[in-house]
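Asker: Sharing a structure below in structure tokens format, with a few things to ask.
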């Protein structure tokens, strides 16, 4: 009896492929979490470290590329193999993809309060021991690199928003150019008066979710509110929350003193230019506004730019924090060398350059108290005054979800599609389950 | 018998060779398509949020069931429907109109056809940046032109008002995709014998009759193809939204289509399990829409040819 002739049928081929594919997936896919190859203990300070590191930064600080990397290499003997700067708005997704793939291409990444919380909670950032923190670092600046009592990096600059005004515009409008508005009422009155000649008195950047969040949060703090209570219960629909939304809507729709382009401007760098080119009279912005507004090519100068505390609604002032720092990837194979970079970035050497060349506030105690700092960056005086008032950012693992949902209701309220109370109630209802999901 | 077995040997040899020749392509497809797709299916069966690593677990079809009651997903689905309505029907109608026009003999026809290809040759991201600059509320040329013509008396914030932004998005997509669709229509029109039109004219058929009774039936296959590819592209639209809205899908979520929501869920919220379920649902949606066009237009084609 002849042996049955076996032919390779299409069905058999497909079946085999499915089995093979399933086996491959089962073997390779591990959605349940990352491998345990990376060390998980807090990183201690190290003495000598060598080797090479790669850094992925945002495009805020060019001082590193323009000399500080060379200094670092000379001081430590560590080679910076790759230093890449990328647009801030593109970095989050890039980091997320990199970390999810347990990619060790970059040892050091730029971070801020939201990402420190998010990536820290995901277990993607290397925790740093409290003992490893340099004594010179200003402690409040550590908020940018901390979450839930753990420190995931070191700050590279401090940043809080203050008010900048165009003294020439003030003078022409019959306002005192040397004294900015001291309260929200004075600010609104000034902004209305300054809205003339096809120019708006006030402009802000709420064109994307992060911007909408920042502008709302700042106003809420100026109303004397808090975004969460001590148990992390959201307070969006609190009196202060609704009042904050109302104040923004009134400024835009009733007083018509806010540039409508504010709803389209997506980042502080664009806002900085609007002010520096004399296209608006008042902005609430980060400290680098000063350096851009006083540099060559700007229509403003050190003599024509005023700076002061943000005008409060129910409090004298308050502000939001925008400090940035560096963190170490948990998947880095050069953690000791990476730690040296973090220490270098927060050291007096780097801080002097960041303050003097770029106009950000220092995170080094020594540099903050140096008279040369005040001379190079007069707005440091306002920064020091602002420390008497509430300054928050509330970086949390759910920051992106919050930014997104809040921006929807802020935009609807600003466009008159929702009443402020309605917008905040809806935002509160959407945020509560999200917070519960992460903390519950 | 010897001949038969000889043929079998040759056939087996051919089959082996064919398998060998197809192996590199099959492996490449497996690596680039089957594996990611399988991985996405596996992920979609998990509750997997990177920010809650301890909560990771297999949930079966729960993510898919969640989609059915997810207001944000359903709203994005409706938004995708509106977007598709304009880009699919509008795009194909525009392409047929332009194709017929560019198929007529006129001076400069060749130049017009070449110019038509320019938007198609522009990279999608550049296309997005271009329209973002054109529709910029403060400095955009769109406002300058409209104000000069007296159509508007103030600078319109095109990318700050939800309905207007959706309009800009539709416009940018049509600009990008219409050239390709038109090119396909022109190619198809050229295969219709001119003698048919001449005969129809002799029989007294007017322009509209020739268009409806000759051009359109002869374009049926092409139109079906265009409806299918344009539907697929419109459901999957991403790059234009990303560039026009700065990666937010705003304002007020107005341009967050299903595909963009899947991106936000996966990469912004790091909810990879739920994001994967959305992606698989989108894939199914594309397959269903494709099957719909094939069934509807295919059946009508058969009825017409009887």
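Note that Cβ sites are derived from N, Cα and C of the backbone, with glycine treated the same way.
The following feature annotations were taken from TrEMBL:
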type	residues	note
TRANSMEM	B:17-42	transmembrane segment
DOMAIN	B:77-295	domain 'ABC transmembrane type-1'
TRANSMEM	B:80-102	transmembrane segment
TRANSMEM	B:114-135	transmembrane segment
TRANSMEM	B:241-264	transmembrane segment
TRANSMEM	B:276-297	transmembrane segment
Asker: Using a Cβ-Cβ cut-off of under 8 Å, list the residues of the same chain that are 6+ residues beyond the ends of the transmembrane segment (B:276-297) and lie near it.
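Answerer: For the transmembrane segment (B:276-297), the nonlocal Cβ contacts are 37, 40-41, 43-44, 63-64, 66-67, 73, 220, 223-224, 227-228, 231-232, 235-236, 258-259, 261-262, 265-266.
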Asker: Cβ under 8 Å, sequence separation of at least 6 from the ends of the transmembrane segment (B:114-135): give me the contacting residues as numbers and ranges.
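Answerer: For the transmembrane segment (B:114-135), the nonlocal Cβ contacts are 98, 102, 141-142, 158-159, 168, 171-172, 175-180, 182-183, 239-240, 242-244.
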Asker: Excluding the flanking five residues on each side, which residues at least 6 beyond the ends of the transmembrane segment (B:80-102) place their CB within less than 8 Å of a CB in that stretch?
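Answerer: Distant Cβ neighbours of the transmembrane segment (B:80-102) are 109, 112-113, 116, 166, 169-170, 173-174, 177-178, 181-182, 184-186, 188-189, 211, 215-216, 219, 223, 226-227, 230-231, 233-235, 237, 257-259.
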